[in-house]
Ligand code: 5RP
């Protein structure tokens with residue numbers, strides 16, 4: 001079993017009957033959703049709230065009933081992957097372009113559990129270019145403002161066109177190399193008009209399931 005499968009399948013142990021579950025996006029979340037689908041077929045009664053159209057399709061394919069914010073009073077748990085995590089369980093997310101819905105759902109959930117293979121562990125966040133979702137209007141100006149925070153921003157492309165999120169926006173990948181203060185940068189970015197949200201998830205993860213020295217470990221903040 002590969003690391004993504006190990007951590008993804010482990011995470012479903014947190015899910016109990018009757019829960020509303022935030023379903024993450026990406027290749028690690030894929031294994032969690034697939035396993036959850038199996039448990040649902042065996043009788044587990046849960047509802048899922050997806051972080052992307054891609055995850056909605058995957059979850060439906062695996063027999064998971066989906067709900068949206070109109071139909072739920074609370075989200076009990078959200079489980080999602082990460083592109084990087086540090087020792088404080090701060091994260092960079094959005095490699096899959098779903099950071100806005102991921103952050104809304106992680107923030108709304110009573111517990112947010114991260115599943116990440118060992119390659120995602122870093123001393124300092126920023127080696128992975130930080131994804132920032134921006135509206136199309138005034139994008140050139142927004143890019144300049146983002147660059148002013150000390151990075152090299154570039155509009156994400158899909159083939160020869162700009163990548164468009166589920167929310168109809170652009171993703172800007174920002175190469176900061178090393179982020180000294182994730183908390184400060186998270187709010188500085190969100191202060192720029194045109195920025196919708198960024199992929200820094202600071203003080204949000206309650207637990208992390210990962211692999212250390214070949215062993216599955218669970219860390220709590
Ligand atoms: C999607 C994300 C993913 O969680 C992140 O990119 C990790 O992906 P993977 O599990 O495929 O490595 O933030 O927007």
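Glycine is treated like the rest: Cβ placed from N, Cα and C.
In TrEMBL, annotation is done automatically, which means it is predicted and not curated.
Database features, via TrEMBL:
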type     : residues                                            : note
BINDING  : 25, 26, 27, 28, 80, 81, 82, 83, 93, 94, 95, 96, 120 : substrate binding site
ACT_SITE : 102                                                 : active site, proton acceptor
Other residues, Cβ within 8 Å of 25, 26, 27, 28, 80, 81, 82, 83, 93, 94, 95, 96, 120 Cβ centroid (substrate site): 24, 29, 102, 116
Spatial separation of the residue listed as 'active site, proton acceptor' from residue 95 (substrate binding site) - C-alpha basis, Å: 11
Cα separation, residue 102 (active site, proton acceptor) to residue 120 (substrate binding site) (Å, whole number): 18
Cβ under 6 Å from ligand 1: qualifying binding-site residues of 25, 95, 120: 25, 95
Local backbone state of residue 27 (substrate binding site), from DSSP in three classes: helix
Extent of the substrate binding site in Å [max Cα distance among 25, 26, 27, 28, 80, 81, 82, 83, 93, 94, 95, 96, 120]: 16
Residue with minimal Cβ packing [other Cβ atoms within 10 Å] among the binding-site residues 25, 27: 27
Fewest other C-beta atoms within 10 angstroms, as judged across 93, 120, which are the binding-site residues: 120
Whole-number Å value for how far residue 102 (active site, proton acceptor) lies from residue 80 (substrate binding site) (Cα to Cα): 8
